[in-house]
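First comes the structure, then the notes that go with it.
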Amino acid sequence: MKVRTLKLREAHKSINGNNDINPSFCSVLWDQQALHLVTASSSDPSISIHDPLLPSNPPKILRHHRDGVTALALSPNSTCLASGSIDHSVKLFKFPSGEFETNVTRFTLPIRALAFNKSGSMVAAAGDDEGIKLINTVDGSIARVLKGHKGPVTGLAFDPINEYLATVDSVGTVLFWELQSGGILHTLKGVAPNIISDTSFVNVVSWSPDGETLAVPGLRNDVVMYDRDTAEKLFSLRGDHVQPVCYLSWSPNGKYMATSGLDRQILIWDVDKKQDIDRQKFEDRISGMAWKPIGNALAVIDVMGKYGLWESVVPSSMKSPTEDIPSLKNSNGVLLFDEDPEPSTSGGLSEFGEDSLGESEPCSRKRLRKQSEFEDPDEDIDDELSLLPKTEPRKKVHRSSKDNLDKGNGLRSTVTSARLKMQEAFQPGATPPQRGKRRFLCYNMLGTITTVENDGYSHIEIDFHDTGRGSRLPSMTDYFGFTMASLNENGSVFANPCKGEKNMSTLMYRPFSSWANNSEWSMRFEGEEVKVVALGTAWVAAITSLNFLRIYTDGGLQRHILSLDGPVVTASGLKNQLAVVTHVSDCLPSNDQMLEFRVFDISNGTQPLTGRLPLTPGSHLTWFGFSEEGQLSSYDSKGVLRVFTSQYGGSWLPIFSASKEKSDESYWVVGLNASKLFCIVYKSPDMFPQVIPKPVLSLLNLSFPVASSDLGADALENEFIMNSMHLSQIQKRMEDMAGACLDTTALDDEAFNMEATQDRCILRLIASCCNGDKLVRATELMKLLSLEKSMKGAIKLVAALKLPNLAERFNSILEERLVNESKGTYKSPLLNSNDRASLTADAAISKTMVTSTGKNETPEPRIAFSSPTLSAPLFIKKANKQEHEKSYQNQTVNAKTSMEPSNAEKVKSAENVIGVEVKMTGEVLKVQSQRPSNPFLKSSNNQETSKKDLDQLTSLHPSNPFKRTH
């Protein structure tokens, strides 16, 4: 059998008080979803929480013990981390945040072993003082102290059915405890090695996932299996270990076992066949192992504090270690820190043992009766018995308990599903920390902020994409350890998490220019951690762990402090607007995040927008911000980009999907404008861009995820929907300007050109419908045309295609349009009359206020969620309209086409008609025949964008896509 080698990386230093390198007992464990890896060492007082997907990133460090950490345990639902130490204490932490919760107990000597029961309601702790404490994790009370060992207790294990607790001590004695009575069922003396002289080597015990078998290191360099009820020896695993087994671990399905020995090798066993199937040799002894709960991997850590991940532990030709996991292992967990359970009355162990509901049964249970009980489909093995009253014998109580749970008899607060992971707060445009490498604190459409850690300080640099802004800003030496930042035209803001003895978080703002000296300012928060920062025009915002939104002026005045409804996820600012995303509630059972967004108008002190933030099922938010035109936008981990529009009372439109692009590429969003997504393309296994080499910015076309059309005109249909969205956004901007009593003339040409572009798109769609014999759809499109000459062009088109019935219908639609216009009753299919009336009324009211008071009194902003629509009659000027009609008559004479019976010639003739109409439209409206690259670009009297610049903007890798012309 080939012996492989596995490279390990250092997590802890094995150094004693004299700075001598000594072997130490080190621990490793996974969380339920395999998202975090936790390590500890008996020579290091800190606990490390690693990201297994990004092992090069520095881990999260928990420093609360005063001496080495000798034991770790994670609740079954992965919400609570327990740790034991040489400092005699047992501490509980929230997981994965690492927030310290409480000291649950203290011993007189060092702790050596910890274990949670199946529901997480109880943790067992033991150590050198020989006693075993059973602790209620809900209120921290000690249910019982078990005494029976004659040496330090080094191993603990609750059986998966929560009837027994198995323990082992350093002299090799194994005890079976009955949880109901607290008595000893079986005593196995001297069955495990005597390791009392070596604290880096501990005896352990482990139940098989189905609860049938207890595995114990043997005296012959083997592993011995014992029956759960009779404690009789069943069989042993004996192979190529030449020294005693010092650690063992069952695979999640119980088919395999990993054993490590003092001979510095790991063997992988097929338990049913009782033979080893693979092995690894290491430089140092492996003191801890943990099978990955999802996949085929084994985490290991040696006595020198180095850990690693052994991938593909089980050969691919064999059953996966996570396939066919016994149902007994799937249990509900207790939400340890967010409940209000009923208090225990007696404080006895029976109040905390899940299967201790009935009278004590005889100690010698027979295997046959036990198996028949397990095969009863009505039994519910997931009972939370810590608070249940004593009733009938155990078999009946299982059924009644399940019925009671279904009726919701007060146990809802205790028996709950394992809490799924809520997304943690993040800063848009930031990359995770990487040891020894420069990373992005902020990357947006304006520039970047990067940092690299050195010994005791960090080096921060700010760069702008447009180098024409002026001289480069000087670098900054950071002694605070800033981990988040935001950047705009006026300055930059930085913040760090809580650190130091006083557990303080710092917020600092640095303006780029100021008329006054010493314009930089900072704020300190004690016991309150900044989670996200944002910048706008003359304001700075910070959202903290207390769900406070703190708003400051750019001079440092504490202006507002607001309470948010839930924990913050992210935030972004633009001019006067601040957008904040928070959690609404816990994740759904499908693991979908429940998020809400709010938009604050800082200058007016209002909240114009609020609502739920949609995400692709199973995804999380990865970017959030504003487009260059001020549209609120989001991007999720499934690659869907959405923008907020006032259509349909306020909706999010998916305008880009990574699934429509190359399958092997992922996109790290920087920003967007009306037609392009600015992003950095990366490929697996990369998860984010690196600072060096400088990433190349890519521009991708925005595109709705349209379904495959039966016309084969997906591109035209996408353009049609995109133009409709642009028109609605222009309409909303005009409404806002009119409501603020501002002149909307500047937007007339932009809207008019966009409608001309939409008419050209509709004409092409009508041609596709006619060729595909979709005449009803063509009639619907005819009604959406805005210009009279475009409608006449559509009639000419269908006539060229020899569709007289359709031409007659088109004529009727045109005649009806003209009659309604002459009567003044025409209602555009793209414009809601209520919107138009509201727009006119708002403008009139604003003007009246100015006239009557002599002051420009802007009315209170309001939420405008009416369906946004536009049509040409709202924007076309009379002079232009007369010019259109005159030009159309001249063009019609030149556009006549002979009609031949050949279908190919008919199509060619129709294309000629469309070409003439498009050309005519371009001439009359004085716009380019091609679609403008940026429909949102505001017109300016002294600023024009040349065709050359537009071509540069639309190229895939521009040299500097952010640089603007002046």
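Along the chain as shown, the residues are counted starting at 1.
Backbone N, Cα and C define each Cβ position, glycine as well.
Copied from TrEMBL, the annotated features are:
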- 374-385: compositional bias 'Acidic residues' (COMPBIAS)
- 27-308: domain 'WDHD1 first WD40' (DOMAIN)
- 424-706: domain 'WDHD1/CFT4 second beta-propeller' (DOMAIN)
- 715-818: domain 'WDHD1/CFT4 helical bundle' (DOMAIN)
- 317-411: region 'Disordered' (REGION)
- 882-906: region 'Disordered' (REGION)
- 926-966: region 'Disordered' (REGION)
- 62-103: repeat 'WD' (REPEAT)
- 146-187: repeat 'WD' (REPEAT)
- 238-279: repeat 'WD' (REPEAT)
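For the repeat 'WD' (238-279), the list of distant contacts is 1, 3-4, 193, 195, 201-202, 204, 206-210, 215, 217-223, 285-291, 293, 298, 300, 310, 313-315, 318-326, 329: same-chain residues at least six beyond its ends, Cβ to Cβ under 8 Å. Summarised as a single figure, the pLDDT of the domain 'WDHD1/CFT4 helical bundle' (715-818) averages 88.
Sequence-distant contacts of the repeat 'WD' (62-103) (same chain, six or more residues past either end, CB-CB distance under 8 Å): 24-25, 27, 29-33, 35-36, 38, 40-49, 109-116, 118-120, 123, 125, 127, 135, 137, 140, 331-337, 417-419, 421, 424. Residue counts for the repeat 'WD' (238-279) by DSSP state, with H, G and I taken as helix and E and B as strand, are 0 helix, 23 strand, 19 coil. The domain 'WDHD1/CFT4 helical bundle' (715-818): residue composition by secondary structure is 88 helix, 0 strand, 16 coil, according to DSSP. Sorting the repeat 'WD' (146-187) by DSSP state (H, G, I as helix; E, B as strand; all else coil) yields 0 helix, 22 strand, 20 coil. Taken residue by residue, the repeat 'WD' (62-103) breaks down under DSSP into 0 helix, 24 strand, 18 coil.
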